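Listed features, source Swiss-Prot:
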type     : residues       : note
BINDING  : Cys575, Cys584 : [4Fe-4S] cluster binding site
BINDING  : His677         : chlorophyll a' binding site
BINDING  : Met685, Tyr693 : chlorophyll a binding site
BINDING  : Trp694         : phylloquinone binding site
TRANSMEM : 73-96          : transmembrane segment
TRANSMEM : 159-182        : transmembrane segment
TRANSMEM : 198-222        : transmembrane segment
TRANSMEM : 294-312        : transmembrane segment
TRANSMEM : 349-372        : transmembrane segment
TRANSMEM : 388-414        : transmembrane segment
TRANSMEM : 436-458        : transmembrane segment
TRANSMEM : 533-551        : transmembrane segment
TRANSMEM : 591-612        : transmembrane segment
TRANSMEM : 666-688        : transmembrane segment
TRANSMEM : 726-746        : transmembrane segment
Amino acid sequence: MAISSTDRRSKNVQIFVEKDAVETSFAKWAQPGHFSRTLAKGPKTTTWIWNLHADAHDFDSQTSSLEEVSRKIFSAHFGQLSVIFLWISGMHFHGAYFSNYSAWLTDPVNIKQSSQVVWPIVGQEILNGDVGGNFQGIQTTSGWFQMWRAEGITSEVELYWIAIGGLAMSAIMLFAGWFHYHKAAPKLEWFQNAESMMNHHLAGLLGLGCLSWSGHQIHVALPINKLLDAGVAPQEIPLPHEFLINRELMSQLYPSFSKGLAPFFSGHWGEYSDFLTFKGGLNPVTGGLWLSDIAHHHLALAVLFIFAGHMYRTNWGIGHSMKEILEAHKGPFTGEGHKGLYEILTTSWHAQLAINLAMMGSLSIIVAHHMYAMPPYPYIATDYATQLSLFTHHMWIGGFCVTGGAAHAAIFMVRDYTPANNYNNLLDRVLRHRDSIIAHLNWVCIFLGCHAFGFYIHNDTMRALGRPQDMFSDKAIQLQPIFAQWIQNIHLLAPGTTAPNALATTSYAFGGEVVEVGGKIAMMPIQLGTADFMVHHIHAFTIHVTVLILLKGVLYARSSKLIPDKANLGFRFPCDGPGRGGTCQSSSWDHVFLGLFWMYNSISVVIFHFSWKMQSDVWGTISPDGSISHITGGNFAKGAITINGWLRDFLWSQASQVIQSYGSAASAYGLIFLGAHFIWAFSLMFLFSGRGYWQELIESIVWAHNKLNFAPAIQPRALSITQGRAVGLAHYLLGGIGTTWAFFLARAVSIS
């Protein structure tokens, strides 16, 4: 029988959702631990509450159905988006209702941003410092004001509307999370359709996202910012929609608008170069990247991503197949190459998450560096407190995401990896020579650690002996970072060849002139010397040790010479049972636990380096005669070459603001500094003591309760080894980060 074209088309249409998959039951949700038969019985011991928290989001432990796990993750993503939109709404509401945004717009260099006013209840109104522009409030360092300026927002009313829009989106996302789990739940094959997912994410999310952003920048942000830069008062600038509907108004600012779309369809795209520019450098009025460069950048990205979103094969039989690409990827020394990876990435969400976390973490760290080297928003470069906050924020996020990537890679190895399906592919070959990888990485860590700290110990010793001529320094035995200086020079000179029409360098960090806004330095060439060379090798050391610990946790997740059957013990286990001494702290979870301490070390050194370097060699003022005065007077090169210098000239010297903050608007930072130190010290109680100690203590406390006929119905238990470590780690990181935050903010607010 001949099949008509209509019939053939209908065969392509597949039903990818299941209707009314799971009943909506508030009664079920109200029962703690409803997702687990054991937990649903209720608590018998205090361990129950810990297991409840540990397993609530461990969907693997709740069901063996990959489809059900996929649906739960998908629904949870909508919940996450709902929270994000609610947060964005709250930020804009604060800007609309509690902020000095309008005043800041009139004088962004001298007026500080504030979007929170503390109520006078028991004297906390002391926190409302004078931020300028007849406004008292807490100085914020989030960068929202600069971003709003870049978007073309000129009044608090517009912030109100965005806040309302954010609330609406939050509600829609919440509804979508419920709808796509309970009413129309996608089937497993929908989640596993990698080609369709790539097309939609590339063309839809990234492509159309970039296109809509560049459209907003061209039609709304550019004209408004051009008028603001020219000194027009915000209240005199037309409303955003007028630039959209009034071409005459736009063509006064950008003459090519009068020509409409004719240049586009005739191929004379150069006509649009008045608003799609390739200038390079920074806008001298605002100290930020040229918004017309940013619009051009996003338009180009939109074109690339929309093209990329048509690359993969779906219903039409043309384009790439992800499986074919992966399986064709093999060389003479790589065995089966990438064979089997497609199956891993479509059946293990832990494998997907591991890659995505590693990528997003790396991207966050890249963003941290771009924020100061190429400041994207108007007046953000001269707001030193915000620059320091954003750098620190993105570095911490990057560190946590990369560590999380290793955690989920290890969970994948334990729960989802099937050796038989990966025989002689790249993953299998890496696992087979893991001893060589870890041994070499261990050697690198020892080399870097001994040499990097050796430089400092040498310098501290020579300084103590009064022999400055024998120290490693720019004035004695030089250790110049010649490769870094060479790369800086290449980046400074290359645009002259690769982008001959650009007006300035990509980033003034590489070289060039000093960019100042209102007498404050926005950016200038960052000179590198011996002190940078030395601390760079501390960075290399701490990062390599973090990688060593995390990679060992992944490569030995399933087995090791010590514990051959490790895969059977799971992702987290305290020891390999009684009678096997020396097997504690060998689970993949324990590797993540240890790796997080080293991640904390790594990021701390990076943010300390950044903070001191920028205050010493970049941030400061420039007088009309061109003389530059840096905040700490260029003391990094001399102070950062000894351990004592780091302690005295950075930590102790710059802690004066937080230590002496009492009775001032910065006093909250003094309290946080003390409180966070306490939280950090509290963590040591969990990290340095064993479970038996606490169980014995609990037994005696329970005995006392029994004597008074006051015994609890739920039996108290000491935390397990793993639980104790988790609590200790959480407080260690929270305390450490809180201490650093208070130290940085009290200092930064005083110098900006």
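Keep in mind that glycine also has a Cβ here, set from the backbone N, Cα and C atoms.
Positions of the features from Swiss-Prot, shown on the structure.
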residue: Cys575; record: [4Fe-4S] cluster binding site; Cβ contacts under 8 Å, 6 or more apart: Thr583, Cys584, Ile721
residue: His677; record: chlorophyll a' binding site; Cβ contacts under 8 Å, 6 or more apart: Gly735, Thr739
residue: Met685; record: chlorophyll a binding site; Cβ contacts under 8 Å, 6 or more apart: Gly728
residue: Tyr693; record: chlorophyll a binding site; Cβ contacts under 8 Å, 6 or more apart: none
residue: Trp694; record: phylloquinone binding site; Cβ contacts under 8 Å, 6 or more apart: Ala718, Leu719, Gly724
Closest-packing stretch to the transmembrane segment (533-551), where packing means Cβ pairs under 8 Å, from 294-312, 349-372, 436-458, 591-612: 436-458
Positions on the same chain near the transmembrane segment (726-746), where near means CB under 8 A and six or more residues out: 141, 385, 388-389, 392, 396, 593, 596-597, 600, 604, 607, 611, 654-655, 657-658, 661, 666, 669-670, 672-673, 675-687, 719
Other CB atoms within 10 A, centred on Cys584 ([4Fe-4S] cluster binding site): 13
The transmembrane segment (73-96) versus listed stretches 159-182, 198-222, 349-372, 436-458, 591-612: most Cβ pairs under 8 Å: 159-182
For the transmembrane segment (159-182), distant same-chain residues with Cβ under 8 A (at least six beyond the ends): 20-24, 71-72, 74-79, 81-83, 85-86, 88-90, 92-93, 95-97, 101, 148, 153
